[in-house]
Structure formats: C-alpha cells, structure tokens
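Inspection log for the structure reproduced underneath, given as structure tokens.
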Amino acid sequence: MDTFKVQLQEFFSAGDGADDAPCLDAPNLLEHQKRGIEWMRRRERRGRPHGGVLADDMGLGKTLSVMRLIANDGDDAHKTLIVCPLSLLNHWTAEAKKHNLPLNLRQFHGGDLDESFDDAKAVAITYDTLRAHHKHYKTAGRASGLLARHWHRVVLDEAHVIKNHQTGVHAAACALSADNRWCITGTPIHNRHWDMYAIIHFLRCRPFDNVGVWRMLNRNNDTNRIKSVVNKIVLKRNKAEIALDIPQHDVQDVHVRFDEAEARVYNELKSASQRAYDDAVASADKAGGMQDVLWLLCRLRQVCCHPALTKCAAMFPEHAHIFEPAYESSKCRRALELVQRVLDTPDDKVVLVSQWVEFLQLVAGLLRRRGVPILLYTGQLRVEERTAVENQFNAADSPYRVLLMSIKCGGVGLNLTGGNHIIMLEPHWNPQIELQAQDRIHRMGQKKRTYVYKMIVDEENSIERYMKARQDKKLTFVNKVFDRTALNYEDIKKFFSL
C-alpha cells in the first residue's frame, strides 16, 4: 500500500510548475501547436510518466507538432521511434521533407538496424513490422533489432490501434524500451474505458497501469475518476476552442423510409433474427448461435442500404427486382439526390462513405449511368494509387467531383479538403470512426463551409435507428471523460481509502 500511495502522489504532483527548457525554436507553427509542444517538453522533463497523449482533433497538425518536438532534441539525444499504420509511413517522410526538418527520417521494414541508420534522428516503422519483431523475440527468447535498442522517445501514431490491451500489437508496443512514450490519436477512446487503459498501460502510467487498480477506478462506470487521470496525461483541443480559420461545419441527419418491398424484406429478416436469438439463448452452443444472430444483424444493416448486398434474393422471389444491382434502393435514391444537389453548385465536391466496398461499387454504377465521373478510394488500391486518387480529387481543375470511399481507408492520414460535402451512407457501430472520416474534409486547409449528411433508415424497428441511439450514448461517455472538470488528488485518495 505504501508503494501504491507513493505512485499515486507522484502521478498527481509531477509535471507542474515552470519548464526550465530553452525557448522553443519552432517557426511557422500555429499558436496551439507551440503550446502543445511546450506541454510535451514539460511532460518529458517533469511528468510521471515521461510522455502522454496528444489527442487534438483530427486535422489540427499533430504530426508536425511531434516532428518539431523531435527536431528540437539535442544532437546527443538517442533516436525517436515512430510507429504508424502502413498508410501513414510515407506521410511522415513527406511531411519532414515538406517542412525541411533536420530529422533524416528513415523507414525501417525489417531485419537489423545497421549503420545506415546511424545518422537518422527518427526511424519510422509500421505496427505490422513491430508486431513481427515482437513475435520473433518471443520465439527466439532474446531481444533484437527494435526491441534490443533503448530509444529516447517512442511515438505511436494513430495509437488507438493498440486499444485492445489483450492483443499482440499492444504487447509489442509495451515491449519497447524508451525514456519518453507518446500516443498520438484524435480518438483515444472509441467504445469503452478499457480503450484508455490500453494506452495508460503502454505509457507505464503508475499505479493506473495495473489492471486491478484500473478496474477499481472504473467501478460503477464513474467517469469522474477516469477524468482525474485523463486530464493529467492527455492534451485534447478541438477546432472550435482553438478558433482556427476553418469554415463552419454543419452536420445533419437525413431520414430515409423503405418502400413497400424493402419493408417486407426487412421485416422478414428481422423476424428471422429474433428467432435465431431465441434459439441461441436456449441452446447449449450459445457462441455458435450468436454467430448466426450477428450474421443476420449484418444482413439487416445491408437491407437498409441495398437488398442486393444481402445475397438473400432466393428467399423473396416475389421481390426479385429489388435485389438487382441496377435497382435504386430508397437510400440510393436519396443519396443520388444529395449528390446532384452538390453537382448543381459550381466547384463543390462530395465524398460518399460506406463500410461496404460492394455498396460503394453499386452506387458507383448508378452514378456512372447518370454520366457522373467518379473516383473510388478503397483498400484494394496500392499506396501510390491512393495518393493519385487523393491528388486527383483535390485538384481545383479536376473533372472528378465525386469520390466514393471505404470508411476503413478514410480514418487515417487522408486529406480531402478539395471536397466540402460528405455523405455517410450508413451509421457505424463506432462513432469515432465516423468522426475520423468526416474530418477528411473538415481540417486545416479547408477554405469552404463543410456539410455532413448522415443517412439513417428511420423506420420504427430499424437497426439504424438503434445504432444511432448507441452512438449518442458512446459519444456522451467520451465527452464526459474528456471534460476538464475532474476530481483532484485528495478526491482520489479518499476513494482508495488512503
């Protein structure tokens, strides 16, 4: 208990007071970026742990802030290791060159860190490369390469990748040795407080990196106690409070109603889902039964978009026509109306987002039949092809004013400020992923007012209506956690009866 009390006191008392570091040499930065870098430097010198979470809204220049932090290291400092998704690896290199920063940033794809990396101030790798090294380490029984080196700083970009603390990628990140540990993500919490625990465990944020302490802290889902920890180690600013010159951002729900045939198909699949659920509850093989339920729930979501996605045409021969790819479902018709409205406004562009590539391809076919030139941005594209699509869409003189994007590809590192409208074709279980996609257009560099249209089938028993309610509940929880009013050290001591 004495150790626990000491760790608790150190956590809440460290990091306060003036910084004795020399003035920051960071030209061409915005004021919020300068303040952010000073906060990071202060945490590296005085914080417990040494590091934290930079969680500014997407599009506020977190990457450049971190690179400026690295650039201001002394020449005698050890290297910084940057871990990021594959889609962002070239982005880090390009940004360093664009801003002429003396990082000599090198990409590492495996093997050993030989002498060719000696002059690099920063090394960038992917999460997959890190995980592979850790897997080899566990097999060989000894550290090598990345894991054998002690780093001055480790930076996890899009750190929510490690949000499950029971995964291999989380274990690999935690195995890295470093003086300073940083998580960069606009969305530290996606669904639940355990997402935050995974980050705290990586940061070695004692005593809260102990799973038992964290579980007790979150007893009864009391967000006040979580906030007391989060506020100490997280810097999170949104676009509104920074008052950047980013035009207004409007979000609206677009309600869709089924036609008669779609309603019939939906209701029959809904009844089948209910029967499958009842059978699963009564079955000895609950896990297998619940897989059937989840499959049917996915079909319900797909019916809301286009019946053809369900592959259930044989069940409804009397409504075979609505399962044809050329059929304009109720949601497709409404989406096409929104697209046409954008195209009727000179120079405006629109991004359509879905989690199903097949649905994007259906919508693309409907648009092509109307003579609309379109671009597709999905995981099927190579990295260089993605860059080409991004540049084509953003170009002022481009004939392409409509881009269809997989939500999985639209979450990280993508700048689509050439567009100013975005249509979310269906709700996602994780609202943070939706927000990431929306911020592809609403970010620094945007010159126009932006519009988000969230399409929802608003029938009484619609799964999309249920998902919308779940999203609102999750966002309320996240907003409470990052609210800056929180318990203090004395409050936390009382809770743990110290």
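Every residue gets a Cβ built from N, Cα and C, even glycine.
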**Residues flagged as motif 'DEAH box' in Swiss-Prot, choosing from 25-28, 113-116, 157-160, 257-260** = 157-160
**Request:** Check each residue in the chain of Asp57 (ATP binding site) that is at least six apart in sequence and keep those whose C-beta is under 8 Å from its C-beta; list them in sequence order.
**Result:** Gly186, Lys236, Arg237, Asn238, Lys239, Asp439
**Mean predicted confidence [pLDDT] for the domain 'Helicase ATP-binding' (43-206)** = 85
**Asked** Within 8 Å of the Cβ centre of Ala55, Asp56, Asp57, Met58, Gly59, Leu60, Gly61, Lys62, Thr63, which other residues of the chain have their Cβ, at the recorded ATP site?
**Response** Leu54, Gly186
